[in-house]
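K.L.:
So TrEMBL has the following annotated:
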DOMAIN    H:75-147  domain 'Cyanate lyase C-terminal'
ACT_SITE  H:Arg88  active site
ACT_SITE  H:Glu91  active site
ACT_SITE  H:Ser114  active site
There are 10 protein chains.
Amino acid sequence: MDRNDVTKKIIAAKVRSKLSWGEIATKIGRSKEWTTAAMLGQMTLDAKQAAVARELFDLTDEETAWLQIVPYKGSLPGAVPTDPLIYRWYEIVSVYGTTIKELIHEEFGDGIMSAIDFSMDIEREPNPNGDRVKVVLSGKFLPYKSY
Amino acid sequence: MDRNDVTKKIIAAKVRSKLSWGEIATKIGRSKEWTTAAMLGQMTLDAKQAAVARELFDLTDEETAWLQIVPYKGSLPGAVPTDPLIYRWYEIVSVYGTTIKELIHEEFGDGIMSAIDFSMDIEREPNPNGDRVKVVLSGKFLPYKSY
Amino acid sequence: MDRNDVTKKIIAAKVRSKLSWGEIATKIGRSKEWTTAAMLGQMTLDAKQAAVARELFDLTDEETAWLQIVPYKGSLPGAVPTDPLIYRWYEIVSVYGTTIKELIHEEFGDGIMSAIDFSMDIEREPNPNGDRVKVVLSGKFLPYKSY
Amino acid sequence: MDRNDVTKKIIAAKVRSKLSWGEIATKIGRSKEWTTAAMLGQMTLDAKQAAVARELFDLTDEETAWLQIVPYKGSLPGAVPTDPLIYRWYEIVSVYGTTIKELIHEEFGDGIMSAIDFSMDIEREPNPNGDRVKVVLSGKFLPYKSY
Amino acid sequence: MDRNDVTKKIIAAKVRSKLSWGEIATKIGRSKEWTTAAMLGQMTLDAKQAAVARELFDLTDEETAWLQIVPYKGSLPGAVPTDPLIYRWYEIVSVYGTTIKELIHEEFGDGIMSAIDFSMDIEREPNPNGDRVKVVLSGKFLPYKSY
Amino acid sequence: MDRNDVTKKIIAAKVRSKLSWGEIATKIGRSKEWTTAAMLGQMTLDAKQAAVARELFDLTDEETAWLQIVPYKGSLPGAVPTDPLIYRWYEIVSVYGTTIKELIHEEFGDGIMSAIDFSMDIEREPNPNGDRVKVVLSGKFLPYKSY
Amino acid sequence: MDRNDVTKKIIAAKVRSKLSWGEIATKIGRSKEWTTAAMLGQMTLDAKQAAVARELFDLTDEETAWLQIVPYKGSLPGAVPTDPLIYRWYEIVSVYGTTIKELIHEEFGDGIMSAIDFSMDIEREPNPNGDRVKVVLSGKFLPYKSY
Amino acid sequence: MDRNDVTKKIIAAKVRSKLSWGEIATKIGRSKEWTTAAMLGQMTLDAKQAAVARELFDLTDEETAWLQIVPYKGSLPGAVPTDPLIYRWYEIVSVYGTTIKELIHEEFGDGIMSAIDFSMDIEREPNPNGDRVKVVLSGKFLPYKSY
Amino acid sequence: MDRNDVTKKIIAAKVRSKLSWGEIATKIGRSKEWTTAAMLGQMTLDAKQAAVARELFDLTDEETAWLQIVPYKGSLPGAVPTDPLIYRWYEIVSVYGTTIKELIHEEFGDGIMSAIDFSMDIEREPNPNGDRVKVVLSGKFLPYKSY
Amino acid sequence: MDRNDVTKKIIAAKVRSKLSWGEIATKIGRSKEWTTAAMLGQMTLDAKQAAVARELFDLTDEETAWLQIVPYKGSLPGAVPTDPLIYRWYEIVSVYGTTIKELIHEEFGDGIMSAIDFSMDIEREPNPNGDRVKVVLSGKFLPYKSY
């Protein structure tokens, strides 16, 4: 048994339970973005969060222990995603990657936007021409220093 | 001569001119995000915008014509970017890709967030623990339909 | 269990049942193109369509629930398909890709032909030199805009 | 000098000349689809067609000879295209590939749709919700035979 | 169950039965080349051929049905084969590919040698310096046409 | 300067000279198959053959010397060829590779068909349904031995 | 069941039996190099050798039959090996490959060193600065001929 | 200018000079194996050796300096070599890699055969059935230790 | 059963036992770095170390034997790691690789830093701005020699 | 002109000047590790550092400006390095990657060791059995947080 097995069990249990990610997040007590990532095997739960997950998805002792172990991260099969929704994000990196790099460096100098000290918020943006997906990403700027 | 040659010339001219992307965008009359992408060879300029670029970067007739031709897009060498700043964005897609997919489907059903009818805004978010990069992405939701 | 398991079960059940995709589509009440894609795990069914599939292929409650979950799309193993029929389509993209790009841009300007707001129709075109496969693709044009 | 050099020269000459592919095709006397593919280095011209191209793009004797040599085909850099328009076509093969395979086999039996004895027609389909790109592909069915 | 499972069962049954491919082909009533390809999951059998295979390899109803479904073709793991015998063929394509292309085009003009309307014959060619493998390939020439 | 430069020069000279590969082979005094491979940079010429090539293509001393150096072989860019004619050969290896392996082993036991002690003959096979390309490959069988 | 299954069973049986490869080779009656390759699924055994293996590793009838079938060769996962010992050999090919090529061609002319009519001998070379691994490779030279 | 440029110049000079690698090695005062690797850009020369190379190949001051800088090693384009002679060596690693690993570990325990403290000797082995290439590799065994 | 199975069993047993790697290392009597690598299937244990592991993780005779067999090393799926922590190390090699190469060559001349005669020490470095990870790597320098 | 051109010019100038990286670092006023990375195109210089480099390597105005632009980082060609010294580092990540991950998580919890807020120190460690390369890496630990 490894973390992937626990992830598969959670996804199957969610399909049967008809719970939404938002409802699960409320029970876990964290944002729906973080909670979904955690349930999909990308984040580490603390003991209390794991206990809630245990209850919700009818997990065993061993499965509950796995949720508290740091996982080997990376949620996609293959270097270039095939799923159209996820590919559009990869395309944004491909088309706008150098643009993002230029503008962050122009504002902050040499360094990166952290993907660790990072949060994300996804919401519906009503629009008469068709609603839009609005995503806000916030990551700490980490400068390269000379030493 | 192709668009890549024009892009290289623009980048070199910008280095010499010491203009920022924000200043160039103001002259072009568009956001700094779109303008930078266009100058880096990912977007198509109209005649008026191309004329401004011509002036700024001392382009020839032929180079100015190339800016008005739809380019072959994709700004990165290789499927997995090596630059640390751009890699962090690729990592976000790798780690959070399935999370983003789940949450957009939960809110909107089957479909995608457009990377074409799309805009982006990058700005500094002051923070006592170190300033943060805040990026807002907005893309129209496009549903799959059965027919 | 995941969607792939349901797809495999449906394919095996179809082999045993000797139903054609056209007959299945009639029962589902959608085109044979959309129905086949859905049965092969690429599209999401609504509750009524899933109920028909349940009946046809003798699915369980859980399998029927999976048909209503948005799947991770992409039906081919590997980036370059090995199957000769599917490869010919990949070859069309390889040989004619830049041609298609040029002609769509000439007619419409910068943007794409949607693969989401998209439909397809495949039919036999009788011909004395040997019948032909006629495929009509229709996708909404989505323009890039400057902002 | 090879065919790629001639292709680059033709593209640059077209940018300067402001001719459309449709106008070039009319002068060559073939469809705009075939003509564009030929000018982009994917098809072989006969002597008369090459003479027209020579006139239009101011080619030398040697360049004109290259147009009449069968080229090494394949117009895209890399196995997975990065350009959003061309990627959408690759995505169609990825998502609908097995569907296309099933439906052609259901109608015709084992074999392929030829990408050689093949023609393509691209046109605008007016639509109140936004115009659509309509593409008609026609390829001879070639059966596998047992021997 | 899918076609691969049937292929594996046939190979295992052949090992146990000690039948040669030539003997199997005689019973199926086709050449040893076509028959072997079919038994290895690359070709589609008709009802009568499938019935013979059923008898020979003790197949079930469902397995016999799979033999009559068009398979997803491609018999090798990986893009570059590791098996020395098969690699030598890949090497022939690598070293002589452009030669084959030049000579077919010189004789026939632009087009391809079909791999569908195709047959193959493999036989021993006695030779005092060591016997040779003689392979005759015959494929219909399919011309590209301008339209 | 390396062998590739000589190959490019020979191809360009051939285009200008309008000589066929068959005519060149007659002058070199070898088969058209071997001669084409040699001219395309895959084989090593002896001094006499190189002198003929020198004459035909107007080569310098240094270029003539290169023809007599063993080249780094492999005539295709990329592991999977994009050119439709050459791809069909790769497809034959992909679809029939395991078949070829089985039949050679059935006749000869464990070993390979040499791609070095090897010859090839390509000719037109007239046929009322459309002429065919007939290719005869002959390679020495080399057995694996236990030691 | 296929040859890989037999290989895995043999390796596991060897671990339990504590036999060395040298001891197994003595029983099989061949060199330790050939015997190890055969047991690892790369070579074909004759009936007598297979009977010894059967005895040693407690194989079934079917498993013993598999040892006498020519295997699909290639013992490594992936194109570039990750195991440090095997990687050093790959590195030798990477660093010295062109050197080996030059020196064999200088001595023998155009051709190859056979990897089929080939033997290998691995032994310990005592050395006061630390013992060395001495490997002797012997392969027949096969010349390319013009025809 | 970098080391590759010097390598190309040396190869071209060698072609013109008609010197063999053996003769060059004698002048350099090292084995023909090491000398060839060094001239092909894989090894670092000392001042005296570089002075000989300078003389032989008519190098400039700067080119002579480059020979004394440690190069970025790796002499092959691509992960899997296409040249038949070099491929046979890659095939030996592919087919016999796990065999070599087993036998070295059986004799020496866990560790590697060094590719750095390493020498190679290539010579002709006369044989009535056709001469053979004999290669002796000698590399120090380096054990893994626990700490 | 192979070494991977033993590794998975050990990891699962560790999750259940709540032992830390440090505690396991103390019982094995080696550093935590070496012990963790060994338990993750990268190093070979001697009989005494294996007996301790047997006790700790409740292994069978056969599993204990596997720990004393030299494993096929390489702990990561894929050439480029997806896990953010491990990727940062890959990024260090990508960004600083040529720097490390230059500085080691400047100090030591041509050669390598051994990854076999190698040890590693990982510890916490307290820091008021946030604690740091301090890693000390020590590898024997192995010079290339000319021969 | 881009940063790569400046890097090549600096390397060539360094070869001619016979300056060591240590001497260059002293003049720049930073560690030899950071300075070498910067000169090899991976770091951004400030105006004063760039002025020193200008002096040392005889750079133009434009080249000096490039040193102050944030570069596209990544110093290696290909995903798996071919150079033996750099490969050993890649091997450390491959063999010890999961070990490093486990031990950092055991000490710090979920998060990463920064490759940005990072420094490196490379020095000679004298040793009677042969000197060793000692490398100290120090990177800030960045925790993942739930939100």
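The first residue you see is number 1, and the count goes up from there.
Including glycine, each Cβ sits where the backbone N, Cα and C put it.
Automated prediction, rather than curation, is the source of TrEMBL annotations.
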K.L.:
Per DSSP, what is the residue count of the domain 'Cyanate lyase C-terminal' (H:75-147) in each of helix, strand and coil?
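P.N.:
Taking the domain 'Cyanate lyase C-terminal' (H:75-147) as a whole: 25 helix, 27 strand, 21 coil.
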K.L.:
Where H:Glu91 (active site) and H:Ser114 (active site) are concerned, what is their Cα separation in Å, rounded?
P.N.:
20
K.L.:
Could you state the whole-number distance in Å separating the C-alpha atoms of H:Arg88 (active site) and H:Ser114 (active site)?
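P.N.:
So the Cα of H:Ser114 (active site) lies 21 Å away from that of H:Arg88 (active site).
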K.L.:
Which residues of the same chain, at least 6 positions away in sequence, have a Cβ lying under 8 Å from the Cβ of H:Ser114 (active site)?
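P.N.:
H:Gly139, H:Lys140, H:Phe141, H:Leu142 - these are the non-local Cβ neighbours of H:Ser114 (active site), listed in sequence order.
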K.L.:
Take the Cβ of H:Arg88 (active site) and count every other Cβ within 10 Å, whichever protein chain it belongs to.
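P.N.:
Result for H:Arg88 (active site): 25 neighbouring Cβ atoms inside 10 Å.
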K.L.:
Mind pulling out which active-site residues among H:Arg88, H:Glu91, H:Ser114 sit under 8 Å from chain I, Cβ to Cβ?
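P.N.:
Sorted by position along the sequence, the hits are H:Ser114.
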K.L.:
Which of the active-site residues H:Arg88, H:Glu91, H:Ser114 have a Cβ less than 8 Å from any Cβ in chain E?
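P.N.:
Qualifying residues, whose Cβ lies under 8 Å from chain E: H:Glu91.
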